[in-house]
Every structure is written in structure tokens, then in C-alpha cells.
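Worksheet: one structure, shown below.
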Protein chains: 2
Amino acid sequence: MTDTAATLASVPGVAARDAATQGFVFNHTMLRIKDPRASLDFYTRVLGFSLVRRNDFPEAAFSLYFLALVDPARIPDDEAERKAWVARLQGVLELTHNHGTEAQDGPVYHDGNSEPRGFGHICVSVPDVRAACARFEQLGVPFQKRLTDGRMKEIAFIKDPDGYWVEIIQPTPLD
Amino acid sequence: MTDTAATLASVPGVAARDAATQGFVFNHTMLRIKDPRASLDFYTRVLGFSLVRRNDFPEAAFSLYFLALVDPARIPDDEAERKAWVARLQGVLELTHNHGTEAQDGPVYHDGNSEPRGFGHICVSVPDVRAACARFEQLGVPFQKRLTDGRMKEIAFIKDPDGYWVEIIQPTPLD
């Protein structure tokens, strides 16, 4: 273990990994959405996600859409195989559509960033944050925070169709 | 492209991947937490996450904790290298602590599953959901839904220290 890992491991509350958690994967984050057509457009066209699984529950009047940033050629054709493959991925976004919300006027869901607060945002890292933001501007995507706003010039926040914040970062420092 | 991928690609709203999104990674999900000691204990001891980065902003009175389900031996020692490495990971959980909330009485944040709704849950997939849930019971972790509750016998929901729901699944069908 490096010195830095040791420092992080000594933060109050942090415990060593229990062998019983081997194979655990942070698989997905679930957000409720008003209109699947608008959200699927945003996450596939603007952010490059692929729809990897859809589950419809007509008797309970909801549908689930699972999206991931993967090569669509990798999506297994067999349904059982695909379900297992999706459950082993990291970084899946699950969108829940309660049927009928798309016909309501105005926003349906709460983005978590005004009271009562809780969930804050999801984040997509990109190779070139300036190029990504220029493309979002061209596509007419709404911004919560442009790179030029505020003190943190290296990060931006765009908004999805329900108003959920999507942070955009790049791994390396800006020139 | 397989037939199934083609079916998924034909869902209204779904667009083909734009080459401009190559290299995009769904990096993290951010949740606000009341008490980092309690949350770090839960995510490291109970779920096996490692603390991979911490950022303190004392002048703005908040701290950020980044956790991931990775081998801690892989955490880079150099700070700039570690920051870039974390930003390229999938499945990172960012916990935001606004200093002082840990001294407040009762819950501080909203879990998203009562009005106003929005965010729903995060999900950890595990190799054996029955063994994982038996261990959570032994550890005294609160459940939102046990495997035996309700109609969906293959999934459980536990609750983190702020009451956020964590779904527990296994990729393969239960015997």
C-alpha cells in the first residue's frame, strides 16, 4: 500500500476491505424521468450512451431503461445473457418512467439541488472538456454552469430534460 | 449489430452514437451526506468500497469523498496521477459533506423516494445476493426490502446512514 493509500485508509470511518465483498460492483444509479423519448434522446445523442436493456411492466404502468457508455457491438443478443452482462457493468444509468408523466404539464421530478436536498448530480468525464462543452452549446443543451462561470474553471454542469445536473470534467488539467 | 441491439436502437428517442462522444465515461454519482464517519464506515466496511480521493474546502466549509470498488493497491500515490485515474474510473461514488451537518439532530437529507421524488437509488451487484443479504443482517444493516418481501424475490434494498436506498442484485437468476 502506498503512503497515500495509507493516508486515505486512516480517515475516520474507513475500514479495510472485507473479503466477503469481493466481486461487488457499483452497477447503476436510478433516476425517475418524465418522458423517455426526451431522456433517451439526451443520453444517447448528446452523451453517447447506448440503450442496453429495457423492461416494461404494463400492469404496474412503468418501464425501466438501462443505458451505458459501451460499444453497442458488445451488447449480447440473448436476453438472459444480456441481463447478466448489464448487471456486471459499472456506470449504468437506470431511468424509470411511470407511464403518463410525459403528458403532464411542466416538470415532474425534483433534481435534488433545492430543498429538500439529497442527490446532487451525475458526472461524465470526457477527453476534452472544452470541445465537449462547445458541442453541447451547438446542440442547444442547457447549462447549469459554463466553464467560464464561477471559480472552478475546469468543470461545467449541463442539465438533462428533467433538470438533473450532469457534471462534465476531463481527467487532466486544462492547458 | 445483433437483432436485439437493433431493437433497442429503434426505441423512440434513441440515436446512434456520435463519434464526438468517444472516450466519454459515466464517472460518478454525487450524494450529500450528514456524517462522513458513518457513511465512510457503511460504504467501506459493509459494501467494500475504497476511499480513493478526498478534497477539503475549509473556506467553503465542505469536503468531498470519492469512493470506488477497486483494489486499493491500484490507487496511485501521486496526487495529480490519482486525480486523473479517479476521473477515468466508472462507478465512483462522490459523497459531499457540508461541515456541521453531523451535529444536527435527525435526518438532514432527502432520499428521493417520497415527495418530491426524483433520484431513486444506487445499486451494487454481488456474486451471491443471498449470502450478501445474510451478511448485511449479521452486520445490523437496515433493509428497505428484504429478498422475501414483495413480489420481486431476486432483489433487496438496504439503506445507507442517510436513508438512501442501495439495491442489491446478482447477475444470474436465483436457484
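Along the chain as shown, residues are numbered 1 onward.
Every residue, even glycine, has its Cβ placed from backbone N, Cα and C.
Listed in TrEMBL:
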| type | residues | note |
| --- | --- | --- |
| ACT_SITE | A:Glu167 | active site, proton donor/acceptor |
| BINDING | A:Glu94, A:His121, A:Glu167 | Zn(2+) binding site |
| DOMAIN | A:25-171 | domain 'VOC' |
Task: Helix, strand and coil residues within the domain 'VOC' (A:25-171) as assigned by DSSP - done: 38 helix, 50 strand, 59 coil
Open item on the list: Give the mean pLDDT for the domain 'VOC' (A:25-171) on the 0 to 100 scale.
Closed with: 97
Open item on the list: So if I draw a 10 Å sphere around the Cβ of A:Glu167 (active site, proton donor/acceptor), how many other Cβ atoms end up inside it?
Closed with: 20
